[in-house]
Amino acid sequence: MLQVFLVRHGETVWNASRQIQGQSDSPLTAVGERQAHLVAQRVRSQGITHIITSDLGRTQQTAKIIADACGLKVVTDPRLRELNMGVLETRPIESLTPEEEQWRKQMINGTEGGRIPEGESMAELGRRMRAALDSCLELPAGSKPLLVSHGMALGCLLSTLLGLPPHAERRLRLRNCSLSRVDYQESPWLASGWVIESAGDTAHLDMPALDELQR
């Protein structure tokens, strides 16, 4: 049975200031770096064999901290990027016009054809995230990969594995540097294919490393 660990990146400057990131980028805050070190300590004894990350800076920063703790190198996969938020990227959430907020809500609510101009649909996000996960099946037997990605991207992936629509990701709370795990099993009496073992685990994060919602 293949086990794949999933980690969301640490808190970023734009997470803290409530700006839309998408595939634009901002660096980890001091809190985000601490979160990354804590999740690294959590997984270093799990026998991780591969660290695969989105090619965006915030995930690469997080992945490097984890890889150093595990004695591994980082491999990038652009399919693990966050949803492309088009013309709204870099914008403070509070600055959106009513029309722009409608674009955003239609997309996250699963309205047919919903997408931000110059951006990506939730269905497109789900397909590329699933392709990235399925690529783990091609790794050598006995591998235990860890993927570092983004909040909406990972939520969309987990939703689709459950047979839910991609926009169900908004019902999953995946905090910065939370840890999830999915397993690929082949069984005559259990559901074959990908199953979710855990999602959004933050047991490794201490109080200073938790976001305001958790506190």
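From the backbone N, Cα and C atoms, a Cβ is placed for every residue, glycine too.
Per Swiss-Prot, the features are:
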BINDING   8-15, 21-22, ARG58, 82-85, 151-152  substrate binding site
ACT_SITE  HIS9  active site, tele-phosphohistidine intermediate
ACT_SITE  GLU82  active site, proton donor/acceptor
SITE      HIS150  site 'Transition state stabilizer'
Should ARG8 (substrate binding site) be counted as helix, strand, or coil on the basis of DSSP? strand
Among the recorded positions listed here (GLY22, GLU82, LEU83), which has the Cα closest to the Cα of HIS9 (active site, tele-phosphohistidine intermediate)? GLU82
Integer Cα-Cα distance in angstrom, LEU83 (substrate binding site) to HIS150 (site 'Transition state stabilizer'): 9
Listed in sequence order, the residues of the same chain lying six or more positions from GLY151 (substrate binding site) whose CB sits under 8 Å from its CB are ARG8, GLU82, LEU174, ASN176
Quick one: what's DSSP say for the residue listed as 'active site, proton donor/acceptor', helix, strand or coil? coil
Helix, strand or coil by DSSP: which one applies to TRP14 (substrate binding site)? helix
